[in-house]
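Database features, via TrEMBL:
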type: DOMAIN; residues: 1-450; note: domain 'Major facilitator superfamily (MFS) profile'
type: TRANSMEM; residues: 47-65; note: transmembrane segment
type: TRANSMEM; residues: 77-99; note: transmembrane segment
type: TRANSMEM; residues: 172-191; note: transmembrane segment
type: TRANSMEM; residues: 260-281; note: transmembrane segment
type: TRANSMEM; residues: 301-317; note: transmembrane segment
type: TRANSMEM; residues: 329-348; note: transmembrane segment
type: TRANSMEM; residues: 354-379; note: transmembrane segment
type: TRANSMEM; residues: 391-413; note: transmembrane segment
type: TRANSMEM; residues: 425-444; note: transmembrane segment
Amino acid sequence: ILTFLLYTSFHLSRKPISIVKDDIQCVHSHSLKVCSPSTDKNNYKQLLGAMDYSFLFAYAIGMYLSGIIGERLPIRLYLTVGMLCSGLFTCLFGLGYIYNIHSLAFYVSVQVANGLVQTTGWPSVVTCISNWFGKGRRGLVMGVWNSHTSVGNILGSLIAGSYVSSNWGMSFIVPGIIIAAMGVVCFLFLIERTYCHGLLPGVGRASKERGLLWWMSVVEPLGSETAASGRVPLQQVVVVKSESEPSAISFMGALRIPGVIEFSLSLLFAKLVSYTFLFWLPLYITKAAHLDAKKAGDLSTLFDVGGIVGGILAGVISDKLGKRATTCAVMLLLAAPTLYGFSMISQFGLGPTVAMLLVCGGLVNGPYALITTAVSADLGTHKSLKGNARALSTVTAIIDGTGSVGAAVGPLLAGVLSAGGWDQVFYMLMTADFLALLVISTSFRMPPRTVLKHEPAPVLHSSSSCGLPARLSVLRMSKFPLKSILSY
């Protein structure tokens, strides 16, 4: 729940720019106060697009570095610093309105800085949630968990929409304060992993310096007395991790994991579509349905509602079938004609627009959500890594960073193409969906993922001071010599 709320605040702080687009280029004639950073230009769509892709290109470039850095730093501290800095830069953008700043360079610089610090978020939360949940039902768990993206977009739209007509600067300041406050919550309460470690009674400090100390519960053979009582005695054993701990994986090493390149390129095109909707959908609804900025922002949240359902369905289906790539491919295949239908039907009234927004949201965000969560976690714990757990953050960053390149290109192209009509924008989105489908189809020939099955363990009635769960996996002593167990 905590990681859900943390990344909700990230998306909440990104959404306002799309809500205030129609008002950020206007002039309040009653106060002679100019809203736009550059109102003396006629090509305001291209200028607004520049602010979009300045954030997104910085995010894409920074993401490749963020994963590598995140593998080598404590997640809690790394994430906290990123959220505090993001809150600062989001507030600075809003203060530009309050202090009557009309320099495009100021707004672009703030967007670039915000894009860089927000890269701390995704690799950190995915690594953290993957440490807590195994592969068994990862699609369902992460499908539900990934709804934070849509929830954040919805809340960001509602908050920004409430201030957009009166003071659009507050549309940024309030989300900035929220993400900074969540950064403090992260520092105080985030627990990175499910295990605990520390010095045991009678263990010297030199042992701690040699490696990580673990608690293990070893099941002793049941005697007549324990069988009668139904209790299993536990023996506390100190296991010192081997000094030859696997080092964090390199960038090129992560690229060599089967499937990383294919899913990264597929996400590039899928995220292009998703982020074009994120940044331009409210403005499109304003022009196509002739609604004001607040109503258009509220209506655009239906796309994210559909995205929540689509992400969960994609996770459930991929868990049932055991085929992540096939699930993504089917949804991408259906998304392209649906986008064309939305561009046609949105001109026939509010009812059809609402229905198509829900369907488009599900089909567009479903594959995007599945690749960035369950697929990234699967690849980050791929069997070729031979148990090296220090690859998940880097793999996640590579996949999402490549996708963020598409997220940067999409709004940029939309700003250029929309000048010639919105039909060209939708043709671009449909082409991107087909390209994502084409790339992901190359992964069908990959060998199936190996799932490790753990033998169910008896219910243990004894408790542990470390907070270990009562139901534990049992290592059969006859199959694992002591030396193997100590290095397991």
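Cβ from N, Cα, C; glycine included.
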In contact by Cβ distance (the transmembrane segment (172-191), the transmembrane segment (77-99); 3 or more pairs under 8 Å): yes
Beyond the flanks of the transmembrane segment (47-65) by at least 6 residues, Cβ under 8 Å: 14, 17, 21, 24-25, 36-38, 41, 104, 107-108, 111-119, 122-123, 251, 275, 279, 397-398, 400-402, 404-405, 407-409, 411-412, 414-416
Winner by Cβ pairs under 8 Å against the transmembrane segment (329-348), considering only 172-191, 260-281, 391-413, 425-444: 425-444
Folded-back contacts onto the transmembrane segment (425-444), same chain, C-beta under 8 angstroms, at least six residues removed: 259, 262-263, 265-270, 272-273, 276, 280, 284, 325-326, 328-329, 332-333, 335-337, 339-340, 342-343, 364, 367, 406, 410, 413-414, 417-418
Selected stretch (most C-beta pairs under 8 A with the transmembrane segment (260-281)) from 172-191, 301-317, 354-379: 354-379
Mean of pLDDT values spanning the domain 'Major facilitator superfamily (MFS) profile' (1-450): 78
